[in-house]
Every structure is written in C-alpha cells, then in structure tokens.
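**Student:** According to TrEMBL, the protein carries these features:
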BINDING   B:H90, B:H131  Fe cation binding site
BINDING   B:C99, B:C102, B:C142  Zn(2+) binding site
There are 2 protein chains.
Amino acid sequence: MNPMDTITQQFTAHNYKLTSQREAIVKVLLDNEKDHLSVEEVYMLVKGSYPQLGLATVYRTLELLCELHLVEKMNFGDGVSRYDLRSEDHDHMHHHLICDSCGKVAEIKDDWLAELEEKLEKEYGFSVTDHRLDFKGTYRICTGSGCKRPKEGQAIS
Amino acid sequence: MNPMDTITQQFTAHNYKLTSQREAIVKVLLDNEKDHLSVEEVYMLVKGSYPQLGLATVYRTLELLCELHLVEKMNFGDGVSRYDLRSEDHDHMHHHLICDSCGKVAEIKDDWLAELEEKLEKEYGFSVTDHRLDFKGTYRICTGSGCKRPKEGQAIS
DNA sequence: CTAGGTGCAAAGACTTTGCATTTAT
DNA sequence: ATAAATGCAAAGTCTTTGCACCTAG
C-alpha cells in the first residue's frame with residue numbers, strides 16, 4: 001500500500017475527517033521526507049497549491065499527526081519545531097548529523113543503539129521507548145552553502 | 001581550584017565584569033548542577049537571595065555562559081530552554097534518561113559514543129564536535145511523583 | 001572615568017485558542 | 001444533520017531588545 005493511503009487510512013480509522021487541507025499537508029511531508037520541515041516551511045509549501053490555507057491548520061494537523069505517531073516533533077535549537085515523518089514500521093530509528101558550517105541536517109538510518117538500550121535495561125532498570133541521537137560537526141567536504149538556519153548556538157539543543 | 005573560582009576567572013579573563021548578579025546566578029547553577037534548570041527556575045532561585053534581579057539579566061547571563069562554553073543550552077521539548085553546567089574538563093559527555101511517567105531527567109556520565117564517532121569520521125567523512133543522546137522510557141521503579149514538566153509530547157524533541 | 005551591565009517595559013517570534021463559518025461523513 | 005475542521009484574529013508563552021541608570025575595573 002502506498003504511504004499516502006496508509007496515512008489517510010489512519011485518519012479514518014481514528015474518526016478524524018480527511019479534509020483536503022490535511023491531504024495537502026501530508027503530501028508535502030511525503031514529498032519532503034528527508035527535510036525536517038518547520039511549520040512555516042510546511043505552510044509555505046502547501047500554500048503554493050492551496051493558497052487559502054491557514055497557518056493554524058498546519059499547527060493543528062501536525063499536532064494530530066504527532067498524536068497518531070505518524071510524525072515526530074523535534075527541536076534542533078533554532079527556535080522552531082521541526083517535523084519528521086516516521087517510517088511505516090514505526091521504528092523511527094535514525095540519527096542526525098548536523099553540519100556546523102552549513103546547518104544541513106542529514107539522516108542516518110541505522111540503529112546504532114540497540115546494545116546501549118539493553119545495557120540501560122539491565123544495569124539501570126530503565127526501559128527505553130524512544131531515543132534521540134544527534135551529532136554536530138563538519139563534513140570533510142562541505143559546500144558551506146545551502147544554509148537553512150541563520151543562527152545557531154554552539155550546543156545541540 | 002573550586003568550581004566557582006574557575007568560572008568567575010573565565011569572566012575576568014574574557015573582560016566580562018563580575019557583577020553580583022552574575023555571581024548569584026552561577027552559584028545557583030552550581031548548587032543545582034544535576035537539574036537542567038530553565039531560565040524561569042534560575043530566576044526564581046536567584047530571586048530568593050536577590051529580589052531585585054531582572055529576568056532579562058538571567059537570559060543575558062545564561063547566554064554569556066553558553067558563549068564561554070561554561071553551560072550547555074538544551075531543549076527537552078517542553079517549550080523552554082534548559083541549561084546544564086559543563087564539567088570543568090569541557091568534556092560534557094553525558095547522556096539523558098527522561099522518564100515517561102514522572103518527567104524526571106537523569107544523567108549518565110559515561111561516553112558511550114566514542115566508537116560511533118570514529119565510524120562517522122571514517123565512513124561518512126563527518127568529524128564530530130559535539131553530540132547529544134537522550135533516551136525516553138520508564139524506570140522499573142518509578143515513583144511517578146516529582147513530575148516537573150506538566151505536558152510532554154510523545155517524541156523526544 | 002567609562003565601557004559594559006542592569007532593570008524595566010516594550011517588542012518579537014513562535015504557538016495556541018475562541019469563534020463564526022464551512023465541510024466530511 | 002451534525003460533529004468536527006477551518007480561517008482569521010486575538011491572546012499566550014518564551015525570549016530579545018532599547019534605553020536610562022548604575023557599577024566594576
């Protein structure tokens with residue numbers, strides 16, 4: 001089944017109405033799966049094909065998608081929330097590489113933390129339901145261009 | 001040398017004035033080293049012994065401490081920035097365990113990521129300057145009380 | 001003495017909410 | 001038909017900034 005159907009099906013399954021706005025927003029998320037879009041970015045992108053869209057609807061829809069565990073809300077310390085589509089299997093095991101010079105956020109799809117999570121379970125009595133792993137640094141070959149995020153503190157935040 | 005002196009020394013070394021407000025703020029951070037305080041929390045704590053303190057000064061001082069790499073700014077997805085004193089050696093290699101039921105944030109002081117950082121360097125051409133690792137989950141023995149953060153989304157954000 | 005710091009209040013940035021209108025089911 | 005969703009604008013948070021006054025060096 002294609003990802004769009006999977007998602008819209010979730011809507012109806014939970015008795016949420018499938019409005020054209022919601023469809024358009026989900027479509028933008030799918031088309032930009034690699035991008036960790038902010039609310040403003042989603043809004044602008046959807047507005048292209050749907051000019052009468054309201055910003056509040058984007059906030060409400062993203063919140064809803066979060067509630068349905070279809071997207072993940074995160075924060076890279078630039079003052080805005082960013083949203084990341086979860087893969088169908090809900091594994092969402094990926095990590096981020098944040099480039100210091102251009103601000104680009106890349107994803108790594110492996111799960112490198114399985115061992116650590118076992119260790120936490122055994123040695124700390126802590127059972128993990130979710131995790132987050134971000135690295136900041138620089139690519140040996142960084143164009144330095146394509147900077148999306150103007151200012152950025154020194155900490156990953 | 002005691003931590004307070006180490007920090008105040010950094011101020012003078014960088015030609016920043018050592019005001020009583022700054023001293024009071026640093027003292028509160030030291031006294032609550034384990035706590036990831038928010039600006040508001042720091043403000044309230046300092047206000048106890050220094051009632052005329054302004055909130056903007058807390059923001060400005062924490063920003064300054066960040067700039068001097070004495071504290072780390074971070075965001076656990078509850079809408080406010082939190083600040084964490086860096087250990088003297090500037091290694092700041094610690095991870096967080098965030099309890100789903102009580103919201104408590106615990107720290108783990110080990111560095112579990114050295115191997116992964118090497119891998120990134122070699123296989124991805126990415127050299128790491130900083131990282132962040134948070135786990136969400138529950139402690140087998142969680143009191144369920146002491147919740148500091150009222151609402152929390154499902155994602156680590 | 002004087003550059004820099006402080007407190008206050010106003011302004012900004014991002015997000016949420018109230019309400020009349022519209023729409024999916 | 002009707003409960004839910006939308007768009008707009010207003011209100012809320014958290015954070016930053018402008019400015020007159022104050023203070024460490």
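In case you wondered, yes, glycine gets a Cβ from its N, Cα and C as well.
Quantities reported herein were computed from a predicted structural model and do not represent experimental measurements.
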**Student:** Quick check on the binding-site residues B:C99, B:C102: which one has the highest count of other Cβ atoms within 10 Å of its Cβ?
**Tutor:** B:C99
**Student:** Could you state the whole-number distance in Å separating the C-alpha atoms of B:C99 (Zn(2+) binding site) and B:H131 (Fe cation binding site)?
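**Tutor:** Distance (Cα to Cα, whole Å): 21 Å.
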**Student:** Taking DSSP as the reference, which of helix, strand or coil describes B:C99 (Zn(2+) binding site)?
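**Tutor:** In the DSSP reduction, B:C99 (Zn(2+) binding site) maps to strand.
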**Student:** Within 10 Å of the Cβ of B:H131 (Fe cation binding site), how many other Cβ atoms can be counted across all chains shown?
**Tutor:** 23
**Student:** Take the C-alpha atoms of B:H131 (Fe cation binding site) and B:C102 (Zn(2+) binding site) and report the distance between them in angstrom, rounded.
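**Tutor:** Given the Cα positions, B:H131 (Fe cation binding site) is 25 Å from B:C102 (Zn(2+) binding site).
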**Student:** Helix, strand or coil at B:H131 (Fe cation binding site), per DSSP?
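**Tutor:** The three-state answer is strand.
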